[in-house]
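Student: Below: one structure in structure tokens.
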């Protein structure tokens, strides 16, 4: 309203876990801590295996390493703060720290989506154009693709963060979430620009994510068409099995994201919001290295060769 005085907010209060029973918080802390450590260990194990095993020095595993790095950084940007809030009652976060957390969560989230899209393209070239693979997926070209995914994630993250934090925040400084979640933060904004910024943020996010999903689906349409032309059932199964881990992670990534951003308005409470948000911020990065290492026979054998047999001789 014209002439209304807005107080300057220098910090926010994260109240995402305030609705949980106090006796449940230590259990959640231990669970999320173990998942956080396993996420770091699993992704570092994948990266170390690819680094050591020379036959894994291919575009597919370069993209997988880039994905592991983005998952590690995404997890580090969110989970330590969440673990601290589970232990301590003082859950404030400064205005600047909130903006930084939002930027990194969006940056690595967008980068993750872009990398999944590039990995889909890699599978498409491998199966549909095997004779031209070395030309289309040259080391220099793959390095450029990885660089563009990170640059794109950085630009998109900066764009969304600047749009949100150029708004005026008034009234309550309590964010009903365990992190600086964009939708929860926008509810605290006021002024004439708020509605247009909300539309802008949604447009940027939906355009980027749906665009990536569309290109992934398009890649798999061509992949399935090529697989169906393989005469033997064994050949079809072997070819499709190379894509299963990537397809599983894509489905998981977009399914959990939909739980957060596309859930019906009627299903809304701090308790349910926090639980659903952890599926994307904690559970997805936790499952990704498991899926890639278990569903990828070549990677699983390399891990067993370089680590399991070396450090666990009894298991061999």
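Using the three backbone atoms N, Cα and C, a Cβ is placed for every residue, glycine included.
For reference, Swiss-Prot lists these features for the protein:
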TOPO_DOM  1-25  topological domain 'Extracellular'
TRANSMEM  26-46  transmembrane segment
TOPO_DOM  47-54  topological domain 'Cytoplasmic'
TRANSMEM  55-75  transmembrane segment
TOPO_DOM  76-99  topological domain 'Extracellular'
DISULFID  98-190  disulfide bond
TRANSMEM  100-120  transmembrane segment
TOPO_DOM  121-139  topological domain 'Cytoplasmic'
TRANSMEM  140-160  transmembrane segment
TOPO_DOM  161-197  topological domain 'Extracellular'
TRANSMEM  198-218  transmembrane segment
TOPO_DOM  219-238  topological domain 'Cytoplasmic'
TRANSMEM  239-259  transmembrane segment
TOPO_DOM  260-272  topological domain 'Extracellular'
TRANSMEM  273-293  transmembrane segment
TOPO_DOM  294-316  topological domain 'Cytoplasmic'
Student: Other Cβ atoms within 10 Å is the metric here; tell me which of the disulfide-bonded residues 98, 190 scores highest.
Tutor: 98
Student: At a C-beta cut-off of under 8 Å, are there same-chain residues at least 6 beyond the transmembrane segment (140-160) that contact it? List them, or none.
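Tutor: Here the qualifying positions are 59, 62-63, 66, 70, 102-112, 114-115, 118, 182, 201, 204-205, 208.
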Student: Under 8 Å between C-beta atoms and at least six residues away from its ends: which parts of the chain pack against the transmembrane segment (55-75)?
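Tutor: Residues 36, 39-40, 43-44, 46-47, 49, 104-105, 108-109, 111-112, 115-116, 118-119, 122-123, 126, 137, 139, 142-143, 145-146, 149-150, 153, 281-282, 285, 288-289, 292, 298-299, 302 contact the transmembrane segment (55-75) from elsewhere in the chain.
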Student: Hey, does DSSP put residue 190 (disulfide bond) in a helix, a strand, or just coil?
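Tutor: Strand, per DSSP.
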Student: Near the topological domain 'Cytoplasmic' (47-54), which same-chain residues lie under 8 Å Cβ to Cβ, leaving out any that are not at least 6 residues past its ends?
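Tutor: Beyond its ends, the topological domain 'Cytoplasmic' (47-54) has Cβ neighbours at 61-62, 64-65, 68-69, 299, 302-303, 305-307.
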Student: Of the stretches 26-46, 198-218, 239-259, which racks up the most C-beta pairs under 8 Å with the transmembrane segment (273-293)?
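Tutor: Comparing 26-46, 198-218, 239-259 against the transmembrane segment (273-293), the winner is 26-46.
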Student: Which of 26-46, 100-120, 239-259 has the most Cβ pairs closer than 8 Å to the transmembrane segment (198-218)?
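Tutor: The stretch with the most contacts is 100-120.
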Student: Kindly report the helix/strand/coil residue split of the topological domain 'Cytoplasmic' (121-139) according to DSSP, in that order.
Tutor: 16 helix, 0 strand, 3 coil
Student: Under an 8 Å Cβ to Cβ limit, what residues of the same chain, 6 or more beyond the ends of the topological domain 'Cytoplasmic' (121-139), are close to it?
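Tutor: Same-chain residues near the topological domain 'Cytoplasmic' (121-139) but 6 or more away: 59-60, 63, 215, 219-220, 222-223, 226-227, 239, 242-243, 246.
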